[in-house]
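Participant: Structure in structure tokens, see below.
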Amino acid sequence: MLAFIQGELAEVKENYVVVDNNGMGYEIFIPHTVHSYLPAIGDKVKFHTYLQVREDGMALFGFLNREDLAMFKLLITVNGIGPKGAIGILSAISTDDLRFAVLAEDVKAISKAPGIGTKTASKLILELKDKFKLEDAFEATFQSNQVISTGGKGNNDGIREEAIQALVALGYSATDALKAVKAVEITSNMTSEDVLKFSLRNF
């Protein structure tokens, strides 16, 4: 219904902002992580939005990019997690880190979000883990470095998986291992040992 709202940033509070669009002020709930990316009061801003409609009223939830909105929509499909719970999760952990945590089945990382215990975190992982693939976590890396090995993306995925497993065996958490390996730019002649070596430099 409301795909996005664009206008002047009129007010900023801890949990929400007010956007002035043609004389109408829209109250939009946002993750805390958005605050550091907001423009100055009076400047133009655009939020990709989700409209919650309930018997007792409506509420708008907004994000600065479509990726965060997409993750929010996935989170509210999990039984027991509503829009405000999803906002709380995305206030505590970024979309990228949340994707890594789900792939790594890292209950501890997800349960750091306010109001999310280990039981809910486990349920979230169970219901969303099939929504992501390892290549999703590395998609930004593929797009940014434009390095394609002779074996293709699939071969790189195999090398990455071996490096991740090695890091976990060394005692690093699965989430930290995923993030460290993601930061490595892989070229066609690299082995999993090379990726492991460069990944260790990211700790």
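Quick reminder: no glycine exception, Cβ is built from N, Cα and C everywhere.
Remember, predicted model here, so these are calculated numbers, not experimental data.
I grabbed these lines from Swiss-Prot:
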- 1-64: region 'Domain I' (REGION)
- 65-143: region 'Domain II' (REGION)
- 144-154: region 'Flexible linker' (REGION)
- 155-203: region 'Domain III' (REGION)
Participant: Using DSSP, break the region 'Domain I' (1-64) down into helix, strand and coil residues and give each count.
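Facilitator: Looking at the region 'Domain I' (1-64) with DSSP, the answer is 6 helix, 39 strand, 19 coil.
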Participant: State the mean pLDDT for the region 'Domain II' (65-143).
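Facilitator: The average pLDDT of the model in the region 'Domain II' (65-143) works out to 87.
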